[in-house]
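Among the features that Swiss-Prot reports, Fe cation 1 binding site is placed at GLU61, GLU91, HIS94, GLU175. Summarising the annotation, Swiss-Prot assigns Fe cation 2 binding site to GLU91, GLU143, GLU175, HIS178.
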Amino acid sequence: MRSLSRTDQVISSLDKALSTVFAAHSASRPAPKPAVDPGLAMTPQDKSLSASLMRVNHVGEVCAQALYASQALGTRNETLRAQFEHAAREETDHLAWTEARLAELNGRTSWLNPLWYAGAFGLGLIAGRLGDAASLGFVVETERQVEQHLLQHLDRLPVADVESRAIVAQMREDEARHAAAAEHAGAATLPVPVRWMMRGMAKLMTSTAHRI
């Protein structure tokens with residue numbers, strides 16, 4: 001299979017950005033669909049809370065697409081590029097699932113998705129410039145933070161919202177696997193100040209996306 005030229009890779013990254021932010025998405029795997037207990041009815045308040053939380057999760061997947069796209073662009077290691085691209089395809093499932101669930105809840109995606117994508121893409125490029133080990137370390141830390149964030153959402157999502165809870169649980173399982181794969185590929189441990197900075201940026205994103 002012919003390797004893409006640098007120009008082709010940049011064009012592909014631009015196309016990925018536009019499709020992630022503006023296009024509808026299809027999943028390669030069906031969304032988890034648990035049996036619904038007819039005795040568990042969601043109130044309007046439940047739906048509003050779930051929509052806000054799933055919007056935050058959707059933003060997280062927009063950022064994941066940007067991170068993996070930029071890191072795939074930054075590495076010259078074809079095996080590592082393939083790993084990033086595979087993880088991005090799984091994250092596309094998450095993007096499609098959260099998007100569809102938001103529609104079911106009469107919610108909406110974040111108005112700031114172009115900004116979230118651009119910021120995450122820039123961070124991924126910086127990580128990529130620091131070398132493959134640092135780039136993989138960035139993946140590990142990101143996925144661990146997302147995994148913890150999803151666990152917190154499982155505590156906050158209404159008990160009656162079994163559909164959203166099933167989606168978030170599967171997403172958390174996938175994120176843990178992505179972190180483990182990055183560790184196995186040779187991830188470096190990021191300095192503590194960098195991890196703190198990443199947590200601060202993630203907190204800003206989640207608190208903003210919860211509302212807009």
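In case you wondered, yes, glycine gets a Cβ from its N, Cα and C as well.
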| Neighbour count (Cβ, 10 Å) for GLU175 (Fe cation 1 binding site) | 25
| message | I'm trying to understand the geometry here, so how far is the Cα atom of GLU175 (Fe cation 1 binding site) from the Cα atom of GLU143 (Fe cation 2 binding site), in Å to the nearest whole number? | response | 5
| Within 10 Å of the Cβ of GLU91 (Fe cation 1 binding site), how many other Cβ atoms are there? | 24
| query | Sequence gap of 6 or more, C-beta under 8 Å: which same-chain residues meet both conditions with respect to HIS178 (Fe cation 2 binding site)? | reply | ALA87, GLU90, VAL139, GLU143
| note | CB neighbours within 10 A of HIS94 (Fe cation 1 binding site), counting all protein chains shown, number 27
| field | Tertiary neighbours of GLU61 (Fe cation 1 binding site) (same chain, Cβ under 8 Å, six or more apart) | value | GLU91, HIS94, LEU95, THR98
| Within 8 Å of the Cβ centre of GLU61, GLU91, HIS94, GLU175, which other residues of the chain have their Cβ, at the recorded Fe cation 1 site? | GLY60, ALA64, GLU90, THR92, ASP93, LEU95, VAL146, MET171, ASP174
| request: Please work out the number of neighbouring Cβ atoms within 10 Å of the Cβ of GLU143 (Fe cation 2 binding site), leaving out its own Cβ. | output: 24
